[in-house]
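What Swiss-Prot says about this one:
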type: SITE; residues: Arg20; note: site 'Transition state stabilizer'
type: SITE; residues: Lys27; note: site 'Transition state stabilizer'
type: SITE; residues: Arg157; note: site 'Positions MEP for the nucleophilic attack'
type: SITE; residues: Lys213; note: site 'Positions MEP for the nucleophilic attack'
Amino acid sequence: MAATLLDVCAVVPAAGFGRRMQTECPKQYLSIGNKTILEHSVHALLAHPRVTRVVIAISPGDHRFAQLPLANHPQITVVDGGNERADSVLAGLQAVAEAQWVLVHDAARPCLHQDDLARLLAISENSRVGGILASPVRDTMKRGESGKNAIAHTVERADLWHALTPQFFPRELLHDCLTRALNEGATITDEASALEYCGFHPALVEGRADNIKVTRPEDLALAEFYLTRTIHQEKA
């Protein structure tokens, strides 16, 4: 079977709370339209025919997920997440030990476009390392002085990218790199950083800048605008 036709599993770490949203409800359970942010994020993955299973890592005390239609979806598996994102991803990887390639997608990134997902999945044909969706930095970037709200210097943006999700890697490689990085006390901010720590260089697959992560209150209205626009375009 050609590599481009291999089935793919996805892991969605959804055990976080997201205190920057300034709400009592975890951000992944806030609603946009008639769905939660988590549902929008997961349905975007399931819309691709290669994605056959999604593992969602939730907090052990989470009582909200069971109320969603996702809880009874035949392609959804739920596992207990950990205190950190990497712990939740590892728990998800353990649940899909049979998978060769795995997507990892943010629970609060609901605006994923199918053409971006298709381009990312296509790299499995020729890559042994995988890659991530990313968007080139377009704004002027400043580095601040340590401990001060003052500019230290301007950062050259020519080779800077915003890391997005999904991120897409061979399952065994990602599992081994995450495990090693955690055991050695490395700072892991996303899955690609674990591979970087172990000496690998994942590909950058340019994706749309409107694939935003809902982190702050103002992001919710922006995500709603992007999703509404996409729905209208699909109906046109």
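Glycine too: its Cβ is placed from the backbone N, Cα and C atoms.
Lys213 (site 'Positions MEP for the nucleophilic attack') sits 21 Å from Arg157 (site 'Positions MEP for the nucleophilic attack'), taking the Cα positions as reference. Around Arg157 (site 'Positions MEP for the nucleophilic attack'), the same-chain residues at least 6 positions away in sequence with a Cβ under 8 Å from its Cβ are Val137, Arg138, Asp139, Thr140, Met141. Summary for the recorded sites Lys27, Lys213: the Cβ-based neighbour count within 10 Å is maximal at Lys27.
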